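*Asks:* Mind having a look at this structure? Questions to follow.
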Amino acid sequence: MRLCDRDIEAWLDEGRLAITPRPPVERINGATVDVRLGNKFRTFRGHTAAYIDLSGPKDEVSAALDRVMSDEIVLNDGEAFFLHPGELALAVTYESVTLPADLVGWLDGRSSLARLGLMVHVTAHRIDPGWQGCIVLEFYNSGKLPLALRPGMLIGALSFEPLSGPAARPYNRRQDAKYRDQQGAVASRIDKD
């Protein structure tokens, strides 16, 4: 059963759940907390690799990822990131989230943005128990027009679901946690699998 707005506020007040900066009460509604777009992005460089063999040797996968991913792009206040039709880009939430071992989070895009063709997360919308850090967004523009995305705009909503008990292996204690404490638009680390 997901937490309602009153329970989300209580978990925040008690320090069991942390969202930094803490969202104002106007952004905690029903069963979600609205989150904003941060100022860090990453794109894919066009045609710098014929393909990426995801099951290939780790060093080859790593080299291919280095060739296709841009350096992190950091926008200043007032600047826009333009996502063109058919493009995939990574971005990050403005807020950092810390979940306890007995709570899982879910990120959903905003319906108003989806109706313009913007997918906020391509597939990965679960936030593991024990997560700590900003949330990387996997943007895809399936619409017909470029979309201007500006830091600070409302981009998605988080919901939270208590587990039957604390996870034995929460994300922050796993040795193989590839994205622990991420603060930027971290590229795929599939080569670390």
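Cβ atoms here come from the backbone N, Cα and C positions, even for glycine.
Source: prediction; values computed, not measured.
Straight from Swiss-Prot, here's the annotation block:
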type	residues	note
BINDING	Arg110, Ser111, Ser112, Leu113, Ala114, Arg115, Asp128, Val136, Leu137, Glu138, Tyr171, Lys178, Gln182	dCTP binding site
ACT_SITE	Glu138	active site, proton donor/acceptor
REGION	169-193	region 'Disordered'
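Could you give the neighbours, burial and distances for every feature on this list?
*Replies:* Leu137 (dCTP binding site) falls within a strand segment according to DSSP. Note: Leu137 (dCTP binding site) has non-local neighbours Leu37, Leu90, Ala91, Val92, Thr93, Leu107, Val120, His121, Ile155, Gly156, i.e. same-chain residues 6+ apart with C-beta under 8 A of its own C-beta.
Just so you know, the Cβ of Glu138 (active site, proton donor/acceptor) picks up 17 other Cβ atoms within 10 Å once every protein chain is counted.
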*Asks:* For Ser112 (dCTP binding site), list the number of other Cβ atoms lying within 10 Å of its Cβ atom.
*Replies:* 9
